[in-house]
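Asks: What Swiss-Prot records for 77-90, 282-294 is NAD(+) binding site, and it gives sequence analysis as the kind of evidence. According to Swiss-Prot, the feature substrate binding site maps to 97, 107, 135, 224, an assignment based on sequence analysis. Annotation comment: Swiss-Prot describes 224, 248, 252 as Mg(2+) binding site. What Swiss-Prot lists as site 'Important for catalysis' is 142, 192.
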């Protein structure tokens with residue numbers, strides 16, 4: 001069977017706990033399906049600043065480039081909030097995206113039937129929600145130049161630049177159409193074309209790409225309307241594609257449809273090298289080390305790795321089935337407590353999912369689907 005080398009970057013806060021859980025589940029996949037996963041660890045974010053003096057050490061970058069895929073935990077925390085801009089933990093995340101050419105961020109948003117009551121929205125709004133946000137990662141206002149703060153004539157000013165090249169827009173929109181073709185065949189392109197020149201270019205390019213996918217429907221939606229529609233009628237969406245900052249904001253909003261940020265995985269795909277997988281949630285320093293963190297987003301990110309980087313579809317389905325089974329049995333970490341069920345620790349949730357992976361059979365999955 002397969003041999004796969006995975007770079008693990010725990011990062012800060014609960015990143016260490018949730019990546020540890022995902023690694024344990026991947027080890028169970030290896031045992032169940034006969035694969036060998038090799039895990040090698042690197043520093044990123046605040047942990048890297050403390051130990052190496054930089055948010056992304058060269059050793060970490062080298063490790064990632066030599067690996068088949070990257071599993072990331074989370075970066076950041078109040079400890080580093082007063083650092084100068086180049087020594088902020090988030091700079092490590094932005095840098096690794098740029099260095100590995102991680103141009104497409106995929107964030108599935110699914111509301112599990114057993115977690116409908118965990119969402120702050122009415123059950124009839126969220127039950128059956130299943131869409132993907134495709135966020136452009138390497139362009140836009142987070143990377144545009146000039147960027148910074150200056151003092152001119154005694155007045156302090158700050159500037160950021162929202163810049164997109166046509167080819168950057170084209171490749172992310174194309175990715176969205178390819179995804180939609182295998183789903184419900186609808187792409188919603190989100191922009192601010194009534195105000196921003198970059199969004200007008202975005203809309204024009206989306207129209208050009210759409211001509212190559214006549215079987216897929218394209219609609220345009222202004223970002224402010226999209227933010228409202230995600231709450232008003234989330235089931236209308238299939239694939240949402242948008243620029244970097246809009247995607248950053250909308251995906252956090254969409255997380256509440258599933259009940260918790262702790263449920264949302266993500267994949268950041270590279271055009272030429274290893275892709276990176278990480279939970280959408282942050283480092284949550286307030287609960288770090290307390291065995292309270294929800295590991296499911298990290299575990300589902302590992303499932304995305306199995307499917308997208310390694311082509312191991314059955315193995316990914318085994319992990320997803322194990323997560324669904326744990327939730328159906330009423331297990332809940334503290335972030336999901338309002339939905340009822342038995343509150344368990346991080347380690348207990350991981351152990352339950354591991355056991356389900358080891359016991360997994362395709363027949364068991366079929367029986368669950370048709371039960």
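Just so you know, glycine gets a Cβ as well, placed from its N, Cα and C.
Just so it is clear, the model here is predicted, and its values are computed rather than measured.
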Asks: Work through the recorded positions one by one (135, 192, 248) and name whichever has its CA nearest to the CA of residue 81 (NAD(+) binding site).
Replies: 248
Asks: With a radius of 8 angstroms around the mean position of the C-beta atoms of 224, 248, 252, what other residues of the same chain does the Mg(2+) site pick up?
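Replies: Those within range, site residues removed, are 223, 227, 245, 246, 247, 249, 250, 251, 253.
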Asks: Residue 97 (substrate binding site): which of the recorded positions 85, 142, 252, 288 is the nearest Cα neighbour?
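Replies: That would be 142, nearest by Cα distance.
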Asks: Please identify which of 97, 135, 192, 292 has the densest Cβ environment, defined as other Cβ atoms within 10 Å, among these recorded positions.
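Replies: Counting Cβ neighbours within 10 Å, the top one is 135.
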Asks: Sorry to bug you, but what's the C-alpha spacing from residue 135 (substrate binding site) to residue 252 (Mg(2+) binding site), rounded to the closest Å?
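Replies: If we compare the Cα positions of residue 252 (Mg(2+) binding site) and residue 135 (substrate binding site), the gap is 12 Å.
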Asks: With a 10 Å radius around each C-beta, find which of these binding-site residues (284, 288) has the fewest other C-beta atoms nearby.
Replies: 288
Asks: Could you tell me the C-alpha distance between residue 284 (NAD(+) binding site) and residue 135 (substrate binding site) in angstrom, no decimals?
Replies: 23
Asks: List which of the recorded positions 77, 85, 142, 288 have their Cα within 10 Å of the Cα of residue 107 (substrate binding site), in sequence order.
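Replies: So the list reads none.
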Asks: Measuring Cα to Cα, how far is residue 192 (site 'Important for catalysis') from residue 224 (substrate binding site) in Å?
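Replies: Cα to Cα, residue 192 (site 'Important for catalysis') and residue 224 (substrate binding site) are separated by 8 Å.
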Asks: Nearest to residue 135 (substrate binding site) in three-dimensional space, by Cα, is which of the binding-site residues 77, 85, 248, 288?
Replies: 248
Asks: To the nearest Å, how far is the Cα of residue 288 (NAD(+) binding site) from the Cα of residue 142 (site 'Important for catalysis')?
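Replies: Here the two Cα atoms are 28 Å apart.
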Asks: Counting other Cβ atoms within 10 Å of each Cβ, which of the binding-site residues 77, 85 scores lowest?
Replies: 85
Asks: Between residue 89 (NAD(+) binding site) and residue 142 (site 'Important for catalysis'), what is the CA-CA distance rounded to a whole number of Å?
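Replies: Distance between the two Cα atoms comes out at 14 Å.
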Asks: Would you kindly give the Cα-Cα distance separating residue 248 (Mg(2+) binding site) and residue 224 (substrate binding site), rounded to the nearest Å?
Replies: 14
Asks: Quick one: pull the CA-CA distance for residue 77 (NAD(+) binding site) versus residue 248 (Mg(2+) binding site), whole Å only.
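Replies: One finds 18 Å between the Cα atoms of these residues.
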